[in-house]
């Protein structure tokens, strides 16, 4: 039987987006991220992070810096009894298959974990996240952004707590 997944963008969903975050001291978790993840873990979703990290290609930081921050982030999730199944990242600039809005990272997860994409969820903070989710045939696309964005193929919320309340009300 295929497994459901919750895909999360990193900057703007897991942590406050401060542009090219790669240092632990600059990494600040968004309010509600742990509660949201625990909710979906309790419903047998696998948890994945799919993040564009063009700061690597731009020379702002090294891939080793990204991995150090990932280790810190995963340890913080573990302290909250949350297991992130895998982090997918694109270190490139435009033009590659893995960079969102293309679906490369999401499709790689689908193949590696035999995921049921139609019953999976992707939460992102940019339209490129929503487009990537659409391109990967993910069933539920959620945009978390205080600025209203145009699009009819996703739902939009102002914050993670609103998203969690939405799913609790739907009893998903």
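Here the Cβ of each residue, glycine as well, is placed from N, Cα and C on the backbone.
Quick look at what Swiss-Prot lists:
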BINDING   9, 10, 11, 17, 18, 19, 20, 51, 52, 53, 54, 99, 100  substrate binding site
BINDING   9, 11, 125  Mg(2+) binding site
ACT_SITE  9  active site, nucleophile
SITE      51  site 'Stabilizes the phosphoryl group'
BINDING   90, 92, 96, 98  Zn(2+) binding site
SITE      99  site 'Contributes to substrate recognition'
SITE      100  site 'Stabilizes the phosphoryl group'
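Positions of the features from Swiss-Prot, shown on the structure.
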{"residue": "11", "record": "substrate binding site", "contacts (Cβ under 8 Å, 6+ apart)": "17, 18, 19, 21, 51, 125"}
{"residue": "52", "record": "substrate binding site", "contacts (Cβ under 8 Å, 6+ apart)": "89, 90, 99, 100, 128"}
{"residue": "54", "record": "substrate binding site", "contacts (Cβ under 8 Å, 6+ apart)": "90, 91, 92, 93, 99"}
{"residue": "96", "record": "Zn(2+) binding site", "contacts (Cβ under 8 Å, 6+ apart)": "90, 102, 104"}
{"residue": "98", "record": "Zn(2+) binding site", "contacts (Cβ under 8 Å, 6+ apart)": "88, 90, 92, 104, 105, 108"}
Neighbourhood of residue 20 (substrate binding site) by C-beta distance under 8 A, where only residues 6 or more apart in the same chain count: 55, 58, 60, 61
Tertiary neighbours of residue 9 (substrate binding site) (same chain, Cβ under 8 Å, six or more apart): 49, 50, 51, 100, 122, 123, 124, 125, 126, 129
Cβ neighbours of residue 99 (site 'Contributes to substrate recognition') where a neighbour is any other Cβ within 10 Å: 21
